[in-house]
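Q: I'd like to ask you about the structure that follows.
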Amino acid sequence: MRKLVAGKLHGIHVTEANLNYHGSITLDPDHCEAAGILPMEFVEIWNKNSGARISTYVILGERGSRCCILNGAAARTCQPDDPIIVCNSIYLDEAHITSLKPRIVTFDQDNHILDRLSYSVDIDTDGRYSFAILDEADEPLVIPALVSGA
């Protein structure tokens with residue numbers, strides 16, 4: 001079994017950091033449903049400003065609020081307006097990787113959904129993997145590559 005990405009809220013902005021709450025991250029149910037994130041599910045959080053990485057669990061806030069609130073100890077790692085990535089995962093046998101279609105949701109500064117993307121992995125007859133990022137119409141997008149200084 002391998003731990004693989006199941007869904008992501010990419011670039012969602014922190015709306016509040018509440019040190020005195022019990023812990024967790026509070027998210028708009030609309031956003032969670034778009035990415036396939038469940039209430040009480042453990043997620044990884046990566047702060048794009050500070051590089052901080054934490055793990056916590058999801059609680060649902062008010063539907064339509066576009067909230068993203070870091071609670072308890074997690075509030076020390078993120079400040080309001082920080083763009084973060086919230087990622088859930090799944091354990092899956094490698095033989096089933098081509099059936100996994102993680103849902104990726106991107107956001108504007110006010111946490112309105114910009115894009116609904118998915119990831120796709122295929123395997124050829126020689127056992128080599130290929131990877132694609134697909135838009136809502138299942139059309140592949142360009143994948144950024146690290147290019148050395150030419």
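Here the Cβ of each residue, glycine as well, is placed from N, Cα and C on the backbone.
The following feature annotations were taken from Swiss-Prot:
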ACT_SITE  Ser24  active site, schiff-base intermediate with substrate
ACT_SITE  Tyr57  active site, proton donor
BINDING   Thr56, Gly72, Ala73, Ala74  substrate binding site
MOD_RES   Ser24  pyruvic acid (Ser)
Q: Looking at the recorded positions Ser24, Gly72, Ala73, Ala74, which has the shortest Cα distance to Tyr57 (active site, proton donor)?
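A: Going through Ser24, Gly72, Ala73, Ala74 one by one, the closest to Tyr57 (active site, proton donor) is Ser24.
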Q: How big is the gap, in Å, between the Cα of Ala74 (substrate binding site) and that of Ser24 (active site, schiff-base intermediate with substrate), rounded to a whole number?
A: 7
Q: Can you tell me how far the Cα of Ala73 (substrate binding site) sits from the Cα of Ser24 (active site, schiff-base intermediate with substrate), in Å?
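A: It is 8 Å, counting Cα to Cα.
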Q: Got a sec? Which of these binding-site residues, Ala73, Ala74, has the most Cβ atoms within 10 Å?
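A: Buried the deepest by this measure is Ala74.
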Q: Can you tell me how far the Cα of Ser24 (active site, schiff-base intermediate with substrate) sits from the Cα of Thr56 (substrate binding site), in Å?
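A: Given the Cα positions, Ser24 (active site, schiff-base intermediate with substrate) is 5 Å from Thr56 (substrate binding site).
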Q: Just to be sure I understand the packing, how many Cβ atoms besides its own are within 10 Å of the Cβ of Ser24 (active site, schiff-base intermediate with substrate)?
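A: There are 21 such Cβ atoms around Ser24 (active site, schiff-base intermediate with substrate).
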Q: Would you list the other residues of this chain near substrate - those whose C-beta lies within 8 angstroms of the C-beta centroid of Thr56, Gly72, Ala73, Ala74 - in sequence order?
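A: So the additional residues around the site are Gly23, Ser24, Ile25, Ile54, Leu70, Asn71, Ala75, Arg76, Thr77.
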Q: Which ones in the same chain are close to Thr56 (substrate binding site), with CB under 8 Å and 6+ residues apart in sequence?
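A: Once residues fewer than 6 apart are set aside, Thr56 (substrate binding site) is near Gly23, Ser24, Ile25, Phe42, Val43, Ile45, Leu70, Asn71, Gly72, Ala74.
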Q: For substrate, with binders Thr56, Gly72, Ala73, Ala74, what's the maximum Cα separation in whole Å?
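A: Maximum Cα-Cα distance: 10 Å.
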